[in-house]
């Protein structure tokens, strides 16, 4: 009877349903609550599963970041953003630029689909919006041949993501100091790139330099609207990262990843069981889910 309720109705029954089940089974309410808690724990993925998922993301983010950085290092628009708009839209699409775009687009589509099969986390909606905006930007910029500024946006975002995955890998492997160091480094790089370089370098060229050099083209509003949407998400995540870093300084260790490593399905057990442990304890998915992407008392049990 309890299994049927768990699989068909709810995994966390409210007080009224608990009382009904108690009368039906002649069980104490606390015994039924314990059964549901243990049953939820059975559905949690193993640490090995989470480690493998984070390792996949870490490998991709690290590889694509250095590929993009190496490619852009010799590109003129990397050093002068006004080059993104010279002779637009008649700019050549090289094979290296094409493969860079296609790889990034394929990866973000995979993240979009995997969100619905992975364990649902607290930042599910934020990450869903993020993936939609990212896929929309990559597709839209490719169709309109805005690939030069698009490569700058992609490389900038990849700069911090592999550090978050590295922190999760260290956490799953129980190297706590290494985990904390990677997370702090991730926080610094994230804030510098997303709140510093992105608005003053990327948004500056898409909002002002493009207007000055090629004028208000028809798709200008949509393109910049998507970029500004990403900036709003950056501000939200930066707040969560700073809050986590503050807790770490107060407690002497990193607590959880509010941005993307918190599972909504297991929050109840995590808060109690992890309050005695101190750090990034883990439990689910291992992705940013975000990507991404530390929550209420430890790294826990995905942004």
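One-based numbering along the chain as shown.
Cβ atoms are placed via backbone N, Cα and C, with glycine included.
Where the annotation comes from TrEMBL, it is an automatic prediction and has not been curated.
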**Request:** Can you dig out which of the ranges 206-254, 255-303 TrEMBL describes as region 'Disordered'?
**Result:** 255-303
**Prompt:** Per TrEMBL, which of 24-43, 124-143 is transmembrane segment?
**Reply:** 124-143
**Request:** Report the DSSP secondary-structure composition of the DNA-binding region (3-47) as helix, strand and coil residue counts.
**Result:** 32 helix, 0 strand, 13 coil
**Message:** Return the average pLDDT for the domain 'TLC' (49-250) as a whole number.
**Reply:** 88
